[in-house]
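S.K.: Below is a structure I'd like to ask you about.
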Amino acid sequence: MSRFFSTRQAVGGSTPQPDLYLLGAAVALMGLGWVMVGSASVAIADSRFGQPTYYLWRQGLFLLLGLVTAFGVWRIRLAFWEKLGPVMLLLGLGLLLLTLIPGIGVEVNGSRRWLALGPIRLQPSELAKLFMVIYLSGYLVRRSAEVRTIRGFLFPVGVFAMAGLLLLLEPDFGAVVVLFATLLGMLFLGGARLWHFLLLAALGGASLAALAWYSPYRMQRLTSFLDPWADPLNSGYQLTQALIAFGRGEWLGVGLGNSIQKLFYLPEAHTDFLYAVLAEELGLMGSLAVIALFVVFIYRVLLIGRAAERAGRTFGAHLAYGLGIWIGLQAFINLGVNMGVLPTKGLTLPLMSAGGSSSIVTCVAVALILRVDLETRFPKVARRSVK
């Protein structure tokens, strides 16, 4: 049991092995997510394509591509990503800008968040999250002393402001919230002064609240969250249907594949509200199992970050912390939205929800975390065997 609370058990070995707790939790979440995507999408896939298993195999292909890409990323030294950080940031901003250009960006449900690349769609906001974390990790290493000055503190804030503005123009308010919270966490762990941190948190929180207050549809989401049953057939529809799914699941669920809510009652059943369908089919026990897997995953990520910090691998530490904050926060928000304790944000559940960009990028994020662990515990092996 003590091995679960440590990352040092395999340091003396000659063969590099990944953190099995982290890898096991990630694989379990992906596997369970794949099964639930197939179950939750049966009705909509049959209606749209005449093939009930369409999204099951589509998501399986994305996961396969994600795993292949992740393996390639895992084989590359962290120093490469550290040097490439500024270029990746510019690429991310450029992709976000392209989504706003008519004829290039693809509009769905009033939001222009995708780029059409032949038969597939790329969601730049997912790449922007990853690229921002990589860039900030390198910045905190290069400017470790300057971060404690107002100038060094404000520079990454300005970078975030550019990305945040482009995301708001899509609009993608949920991605802005996740990026802002990740920025706050990384700056705080990177040694920023407490008063700088508190001031940014207050100003950022006030700005996000103002955006919600002066945006009619965001305000409608907030009011419907506070009392979804006041308008269960309009503004509160998604949340009430999700709550019905949770109620039907009871302790052990209605059985895999037996959800009623996925039959066109619950919108986005295979993406944003996958967890509600899971709760209906697998019950409270299944819901708690998912939460437990995420807790194990994030805990191990933070342990890896702490081990890298103690080993003097600062970039790896910041990278692990940043990726952990991002994935953990997005999972927390999605689960909270599904359970009705947070307003609707339109964020997918990492490692589980359907979506090509989200699945592949999250697999890459896991690979980077495992790379941090590898270079921390097996520095000689990493230098010798990985180029």
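Using N, Cα and C of the backbone, Cβ positions are placed for all residues, glycine too.
Model, not experiment: these values are computed from the prediction.
As listed in Swiss-Prot for this protein:
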type	residues	note
TRANSMEM	20-40	transmembrane segment
TRANSMEM	61-81	transmembrane segment
TRANSMEM	86-106	transmembrane segment
TRANSMEM	149-169	transmembrane segment
TRANSMEM	172-192	transmembrane segment
TRANSMEM	194-214	transmembrane segment
TRANSMEM	284-304	transmembrane segment
TRANSMEM	322-342	transmembrane segment
TRANSMEM	349-369	transmembrane segment
S.K.: Do at least three CB pairs under 8 A connect the transmembrane segment (194-214) and the transmembrane segment (284-304), leaving out pairs fewer than 6 apart in sequence?
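M.R.: By the criterion, they do not touch.
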S.K.: Going along the chain, which residues at least six beyond the ends of the transmembrane segment (172-192) come within the CB cut-off of under 8 Å?
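M.R.: The answer is 111, 113, 125, 128-129, 132-133, 136-137, 140, 144, 147-148, 153, 156-157, 160, 163-164, 200-201, 204, 208, 211-212, 218, 318, 321-322, 325-326, 329-330, 333, 345-347.
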S.K.: Check for me, if you would, whether the transmembrane segment (61-81) reaches the transmembrane segment (322-342) - at least 3 Cβ pairs under 8 Å, residues 6 or more apart in sequence.
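M.R.: Contact between the transmembrane segment (322-342) and the transmembrane segment (61-81): absent, because fewer than 3 Cβ pairs are under 8 Å.
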S.K.: I'm a bit unsure how to read this: which one of 194-214, 322-342, 349-369 has the highest number of Cβ pairs shorter than 8 Å with the transmembrane segment (149-169)?
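M.R.: So the stretch in question is 194-214.
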S.K.: Six or more residues out from either end of the transmembrane segment (349-369), which same-chain residues have a Cβ under 8 Å from its Cβ atoms?
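M.R.: Same-chain residues near the transmembrane segment (349-369) but 6 or more away: 22-23, 26, 29-30, 32-33, 36-37, 41, 55, 58-59, 62-63, 65-67, 69-71, 73-74, 78, 81, 120-123, 126-127, 129-130, 133-134, 270-272, 274-275, 290, 301, 304, 319-320, 323-324, 326-327, 330-331, 334-335.
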